[in-house]
């Protein structure tokens, strides 16, 4: 990149940072937490194998399978991940002119990406020939004087041409790209340094990135203070590389995440509720600076990069999260609807239960859902020991769980809060739930479940005041409560064992939770989950954890709406 182009590119980046600062967040703790999870759970011998296969000039289906398997292992270990989300862009916050621009730019971006991945220059073949046929083809092309026979694809910065000889090219989608947590973990483990040393090195790199794109000279100077940066290979292309390669781009991205309050684009989180605002802000910068989609195949400029990443998933951290589970490309997962005027459901942008009600959608359970709930509740034994726990306030609960150890049956569901200010406090110091994850919860389920509990039931709990207030607010004074009143330490004795055994039962507690210490300061703790609390309280009383298989009473499509209207953008 020439100096003038680099200056213009960074100007775009800086302007996007300023305009999108409201969507940026401090994610250093979450990135480091994911890196620690990878350090403890990832097979680094397999990481080394994948790094080796990524250096091969030609890679086949077996190599792709190993890459995909390792990517899946990483995805299973980290919390920062993007999820599949189909976005339909309609007139709303975005004007019809905005939609026309987005539609045109997505089409241009599609053409550029396809040309970059499958170049059309003479002698280039990216089809499905076998390795033997490719060798034979190379020899024949050389024989007739076509020098292109020596190349099966575009050479990277290190001069090595690498080809994927696979049957299904779609399996390559979303298997590349770098993750700061993975870069941090690989630097730490394979560089044989302390995690903190890697964090400090990347932080300094990130600080330079606030003022310019770090280059080879910058890296050489930083290496004098941080020898771990010697592992960064500045010749590594950012095209079609795995997240296990030590490219300068991967290190810079990780460094951006180490900064608190840096308004770095890498820290943006997008959701169906914020996507319209993000795209609107991007288009504002595009118009002000004349940003555009380049016709030249190759690396993406800042506008191309952010447009692709935002439109790929629409739910997660577009720059830094694991996207292994996402299928399709940006132009497939975000569709521009130029025909609909969006009038039938000009709902609140947060897509919450209240906005859905105002748009004409049912607030409570339907008759068929009530009948399904009634049948499901028959799985509970009215006379069996039953634990109950809630998160949130009794007048505004956000998570409720009931658990019967004898059968392994449990009821576990969530509710959107009405007091957002109090919710954020509770999230910080107790449950760590992201309010946007509650927008898809089923309204009215709390009242319906409590109403369906057996008459004169006896419920055991750790602390009964809040649960009693909740039950009485729903007219269930007939339910008896037994408060075991254990100390905080005793009640959470089996906390780690419970999370280790049953962590797959709940993925809602994504935030960082801290506890204030008596002598000042704060300490990070495990988020409180109503279901996990029920299980660990029972283990504390029983003197051990029963690792039986647990069974959900409520079907998932009752806990979370699966047929919510598409978001109007």
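Including glycine, each Cβ sits where the backbone N, Cα and C put it.
These figures come from a predicted structure and were not determined experimentally.
What Swiss-Prot records for 54-241 is region 'Binding site for the cap structure m7GTP'.
The Mn(2+) binding site annotation in Swiss-Prot covers 389, 391, 533 and rests on experimental evidence. The DSSP secondary structure for residue 391 (Mn(2+) binding site) is strand.
Within the same chain, residues at least 6 positions away in sequence whose Cβ sits under 8 Å from that of residue 506 (Zn(2+) binding site) are 412, 529, 531, 532. DSSP assigns residue 506 (Zn(2+) binding site) to coil in the three-state reduction, placing it in neither a helix nor a strand. Look at Swiss-Prot and you will find 399, 506, 509, 529 tagged as Zn(2+) binding site, backed by experimental evidence.
When secondary structure is read from DSSP and collapsed to three states, residue 466 (site 'Important for exonuclease activity') falls in the helix class. Among the features that Swiss-Prot reports, site 'Important for exonuclease activity' is placed at 466.
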Including all protein chains displayed, how many Cβ atoms other than that of residue 529 (Zn(2+) binding site) lie within 10 Å of its Cβ?
-> 28
Sort out for me which one of 399, 466 has the most neighbouring CB atoms within 10 A, since those are the recorded positions we care about.
-> 399
Summarise the model's confidence over the region 'Binding site for the cap structure m7GTP' (54-241) as a mean pLDDT value.
-> 82
Starting from the Cβ centroid of 399, 506, 509, 529, which together make up the recorded Zn(2+) site, report each further residue of the same chain whose Cβ lies within 8 Å of that point, ordered by sequence.
-> 391, 431, 433, 508, 527, 528, 530, 531, 532
Rounded Cα distance in angstrom between residue 399 (Zn(2+) binding site) and residue 533 (Mn(2+) binding site) is 11
Between residue 509 (Zn(2+) binding site) and residue 391 (Mn(2+) binding site), what is the CA-CA distance rounded to a whole number of Å?
-> 11
How long is the line from the C-alpha of residue 389 (Mn(2+) binding site) to the C-alpha of residue 466 (site 'Important for exonuclease activity'), rounded to the nearest angstrom?
-> 9
